[in-house]
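As written in TrEMBL, here are the features:
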{"type": "REPEAT", "residues": "23-55", "note": "repeat 'ANK'"}
{"type": "REPEAT", "residues": "56-88", "note": "repeat 'ANK'"}
{"type": "REPEAT", "residues": "113-145", "note": "repeat 'ANK'"}
{"type": "REPEAT", "residues": "146-178", "note": "repeat 'ANK'"}
{"type": "REPEAT", "residues": "277-309", "note": "repeat 'ANK'"}
{"type": "REPEAT", "residues": "374-406", "note": "repeat 'ANK'"}
{"type": "REPEAT", "residues": "407-439", "note": "repeat 'ANK'"}
{"type": "REPEAT", "residues": "440-472", "note": "repeat 'ANK'"}
{"type": "REPEAT", "residues": "473-505", "note": "repeat 'ANK'"}
{"type": "REPEAT", "residues": "506-538", "note": "repeat 'ANK'"}
{"type": "REPEAT", "residues": "539-569", "note": "repeat 'ANK'"}
Amino acid sequence: NGHSIIVDLLIKSQADVNLQQNQGGSPLCIAAQNGHHLIVDLLIKAQADVNIQLCTGESPLYIASQNGFQQLVELLIKAQADPRRLASIHCIAQKVVKLLIDAKTSVDLQETGGCSPLLMASQKGHKQIVLLLTEAQADTNIQLKTGVTSLIFASQNGHLQAVNSLITAQADVNHQEKTEGCSPVFGNGHREVLDLLIKAQADVNLQRNTGESFLYVPSQNGYKFVVGTLIRAQADIDLDRTDGESPHLYIAAEYGHQDVVDSLVKAQAVVNARAADGSSPLFVASQNGHLNVSESLIKAKADANLQRSGGDLPLFIASQNGHQQIMHSLKQMRSLISMVLAAARHYIASQNGHQKVAEALILAQADVNIQNDAGCSALYVASQNGHEQAVKSLIRAKAEVNAQRKSGETPLIIASQNGHRQVVNLLIKAQADVNILRNNNKSPLHYASQKEHLRIVESVIRAQADMNIQRKSGCSPLYLAAQNGHSLVVDLLIKAQADVDLRRNTGATPLYIASRNDKLTVVNSLIKAHADANLRCNTGESPLYVALQNGHDRIVKLLIWAQADINIQ
């Protein structure tokens, strides 16, 4: 509490001046902590241990230095206090540092993690302390265990004067720390600091552990002034990453940094440099919708026909993502000449439902009927995904409504399967063949009946679909509807004069399969339509037999009521 008179009385009464609390606190430590100059003087004269430590290791000199008590530091040094354990002090006043240096304190003492006074002062930007320590011959290249140096700290934090002092003291401008391989120039958006480092011959082409050179980071983040400085310093603008990832122009194009792209292009960067997946700067700019960047690259003669590894092109990806303005720019450079490219654009535009893009492609007179490797046309994909407007546009552009993919599906078949009623109606109106079969002999009506797309069944029936068309297994649309218990579909097909006794290859009839699967409503509809209750499948089983075998009591009663032969063998 600073009661110096009482302290003096206690000392004269032989009080133990070195008695410590549980945490190691002694009278001298406490007086140093609170800046009680007179009490510290009294305790020193009473032979108090000037090097006594708290449990955490701090001595009175450490405590006084940390708190900037200059007079106390002078007293303790004069009393032969040990100046060790001062490495972590980063808040000490300039005059205190001077006192400690004059007392021959080691300026390079390091803590467990490797921190020294210069490292901490550089990190915090204490420029005068950095200057004092460098003038006292502190090691400018001393490192933390991670390899970080004072110059890396000062550079990354933009401490210009500290950087200047460290460079003057011969700090290594190209040292790379261990964790990521960063040198002082890395992660440095501070232009004046960067100028100092470059002037000191910093290597601007060093690469981090992950392969990026320093130019990569400002290119990615859009630091155009930093990029300009590096270009003037002869940074290699086309330096490949060691891990094969994106070059500088590519990453700037990817993030839409037009000013950086323009600077790199002006510096003769390779405009067709490609990333690991084969995509070019123009490709990634087109993909992400960066119109101005795309136009800059086009003006720089970027090749619009360079393909990504999967075969995609810039116009292809612009179409996929609906970037119509970019497509217009690409069109102007005549990248629509390729028929394959035109087909690809249609395919993806239709797949994603970008109506305006699809129309723009049609206006460009692309071939709407070219198919991809699987045989899918643009109309097929638009029909598959239910994109009505795209289907309308493609039909107007004379897309082939009956074009089959390699597995035999047509736009009408896939739209019927997926339940896109409006698309089905558009295709029927355009004279799509309602009886066309895919390779497994399934027709649009087969799929609609099996999937219970009731309105689509109605549409294809009105379009004169063959009610009794059979697939290779002999299944008719009615059989599939009965098998799955789709009673409303069964009723529609019966009303349209479907053959209720048409048998599949195994001899099974719609009534047989409905009886076996316990589809009561369907069985009732078929009986009312005069289905033959005694027709047997190839193994001899009748509808009644299979119903009895499976314990379908209600079906059995219906069939007996319908005069099914109970003695059939």
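Using the three backbone atoms N, Cα and C, a Cβ is placed for every residue, glycine included.
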*Apart from its near flanks, which chain residues at least 6 from the ends of the repeat 'ANK' (407-439) lie with a Cβ under 8 angstroms of it?*
374-375, 377, 379-380, 382-388, 391-392, 395, 401, 445, 447-448, 451, 453, 455-456, 459-460, 463-466, 469, 471
*So what's near the repeat 'ANK' (23-55) in sequence-distant terms, Cβ-Cβ under 8 Å and 6+ beyond its ends?*
2, 4, 7-8, 11, 17, 61, 63-64, 67, 69, 71-72, 75-76, 79-82
*Which residues, given as numbers and ranges, are at least 6 beyond the ends of the repeat 'ANK' (440-472) yet have a Cβ under 8 Å from it?*
408, 412-413, 415-417, 419, 421, 424-425, 428, 434, 478, 480-481, 484, 486, 488-489, 492-493, 496-499, 502, 504
_Number of helical, extended and coil residues in the repeat 'ANK' (506-538), per DSSP_ = 16 helix, 0 strand, 17 coil
